[in-house]
């Protein structure tokens, strides 16, 4: 029993040791696999929460990976220590068990020599109850046999039998004891051999465990060393970066200085080259002048010699055959009449023409030289700007993006910025505005979506979150600004101008209609027909005065037009009484009359044919690959023979022109006197309408209207038409919201080109309203010369820079060299040369300022006023031949690009002056400085043209000013003194009062019953009878 238990314990110990060996045989691959699984689980848990931060900030991810590795290593070390402790405890237990087993074997070996009581004590110590009981049972039998005193008394008859049995039993027991002793000795020998084998195995296992522990210890130490090495490497990298930063700053400074020196040297060399070129050009000009003078003298001499030879030959022929020559040839007669002074005049004319041509060529050369010099100066300025930008960037501190911080105080602490510093955000370019703010010590926030800013300048109003803006943050857009910036919003807001000022909309804004509104569409059709009638009358009168035979063809058309216009513009008070006349008045133009007026216009069939032929042309051009190009005209040189003919022809024509002028002057006098009754009526009507209608001069002979999409800019989708059918068809075909506006047919032209004026306006507040006018504008020209024959050519009718820059121009003049633009000074000089005084400053500019005020006042109720908001607007204005300005549109976020040299200078100045107004003047005004000190602060070229009063409760369409009452004085006589009333008079008065009260009560009851009936009729659907009855009642 004891041996079996011992063997079972040994087997259990071996299994536990094998399991421990397997658990401690750890490789590097197992550790790496566990580490990867652990990191994957850790990342999967937190990936959705912190993914956007890890993408933007990879440094955070690296730091967290380091922390994860350190935690994993710490846990691994703890596990190793715990396994060590478990292993040590198990080893101790095994040693104790082995000692106990050895002690047991020793006890069994000495059991033959020991007494029975000692054997029992040993067994009791080892807690072997089952063995103890078996031994006690054997001993009880022995005691009964060997010790009779403990035995019970028995019968005498059985004594003999017991004695024999006793002897037999003793012999058998002794034999058994000997056998047991021999077996026990064999078992003890076997146990000793097994114990020695087990001890040898334990020693081997202990040595293996010690090797595993040493490996683990070495591995942990190696990991610690790696961590230390990484930390040391990171510290070394930090030190290197700090040293590299200091070195890079010094290198940048040295690099900038070297660049500056190189650029200065290049500029010096370039200036030397320019000086040499200028000297060479002067010498060449002198030589050319000398050659020109010599050529002129040679031409004069040659021409005079040839003329003298011709005259001498002609005189000889005249003297020989005087009569025959006069009868046959008329050329000789004309040559005879030519005298020497006339020849000299013709020569001077030819020489002047040559001079003009030479001067034009010189001007072209000088303009090209000036352009070359300007381009060189431009390059110098750009290089200087680059150097300044590099130096500024080296000084400016680069900030980190912090997307999850909303408070300004925390953001400044994280960026390590002082609390007093001002922060701005700029979106969409605007480099000059950035420079202006950086000069003033502001700091740029690179994160455009951040709520941490003091000023934000954006291209679009969508980029501003109006719901979450703080009241002290400055923004460059107003909410709901479409009431002034969109074409439909401007139209609707200008209709309410009479609530704010005594100004007529028709004096500065051409007629405009919304094609999507049915009422306005009908008004447009009516106004188109009326303006067509006016154009017919103008055309008829012009043809009649020019004595063109075509005026008889359009006389019927003019008679109908005059009839229509006189009926329409007749006083409505004379027409309203007669129902027939009233219906004709409101109908304005019947269909029969319109057919006569629109006889020269396009019908629906003609429009379909036109579209068909246009598609066929497009298909042919696409198939053949033909491209239409503008033909370049080349100048041809004139020979001496051509000059001679021109001289003789000009001398002959002068006499003929003088005779014709005398005849024409006599005829014109007769025309003024002799005029038909119809034409005189037309003339009188047109003169009356010119006085009454402020837009009379805009209506020309062609009746052109311009169609615009309401939401597009830069000339996109704009077309011009003069046929009603085409306008309606175009408006229906477009899915966008369209607007129709009267085309200005009498614009001022400069060198046969149409132009408009771009003006910048700044609004800093709506309550109280503050308007700033930038006192320098620029002019934008069309790319081609103006004509109304081809309305599809956008280069003739549109002045947007986005369109004109696409035109490939062949020749160059002052306008094209400047990018189809003029400065304000050039415009003023043009008016001084043509009109003799500065028309822009004296007449046009005051009207433009009034237009700006009226347009902004008209929408002051609809635009949401917010403190610390401002906006820059771009006004487009055109001028007619009477020097009246007309408002075309108002733009938000006007283009501030360097499209030309003119815009480059002005854009820089505008953005710098905006910073002066908003930052310098605005911040000083908020601080509560006196007005005298505020006036000293410079605002550049921005002038305040309007400062309104603050309104606490602004109502919709509130009356602002100019409520006028008119009338005449009245004489009121004093009432006569009445006599005292008697008793009868009092009774009569009481009766009258009672009757009046009864009538009032009766009327009130009737009124309440009528209201109840009306409510029932509105609530129920009316039948045909009830509708007729209600109409009769009304």
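Cβ from N, Cα, C; glycine included.
Long-range neighbours of residue 742 (ATP binding site) (same chain, six or more residues apart, CB within less than 8 Å of its CB): 510, 511, 512, 531, 695, 698, 699, 705, 706. DSSP gives residue 742 (ATP binding site) a strand state. Residues or ranges marked as ATP binding site in Swiss-Prot: 741, 742, 743, 744, 754, 756.
Residues or ranges marked as compositional bias 'Polar residues' in Swiss-Prot: 1-13 (among others).
What Swiss-Prot lists as compositional bias 'Polar residues' is 131-146 (among others).
Residues annotated as compositional bias 'Basic residues' in Swiss-Prot: 151-161.
The compositional bias 'Low complexity' annotation in Swiss-Prot covers 189-199. Here the compositional bias 'Low complexity' (189-199) has, by DSSP, the following mix of helix, strand and coil residues: 11 helix, 0 strand, 0 coil.
For 571-930, the entry in Swiss-Prot reads domain 'TTL'.
The feature region 'Disordered' is assigned by Swiss-Prot to 1-21 (among others).
Residues or ranges marked as region 'Disordered' in Swiss-Prot: 131-166 (among others).
If you look up Swiss-Prot, you'll see 189-208 (among others) marked as region 'Disordered'.
Annotation comment: Swiss-Prot describes 1002-1034 (among others) as region 'Disordered'.
Reduced to three states, the DSSP call for residue 754 (ATP binding site) is coil. Using a 10 Å Cβ-Cβ cutoff, residue 744 (ATP binding site) registers 24 neighbours.
Cβ environment of residue 756 (ATP binding site): 779, 780, 799, 876, 877, 878, 888 lie under 8 Å away, each six or more residues apart in the same chain. All protein chains shown were included, and the count of other CB atoms within 10 Å of the CB of residue 743 (ATP binding site) stands at 22. A Cβ within 8 Å of the Cβ centre of 741, 742, 743, 744, 754, 756, the residues given for ATP, is found for these other residues of the same chain: 510, 698, 706, 745, 747, 878, 886, 888. Once the Cα atoms of 741, 742, 743, 744, 754, 756, the listed binders of ATP, are compared pairwise, the greatest separation found is 18 Å. Note on the domain 'TTL' (571-930): its mean pLDDT in the predicted model is 78.
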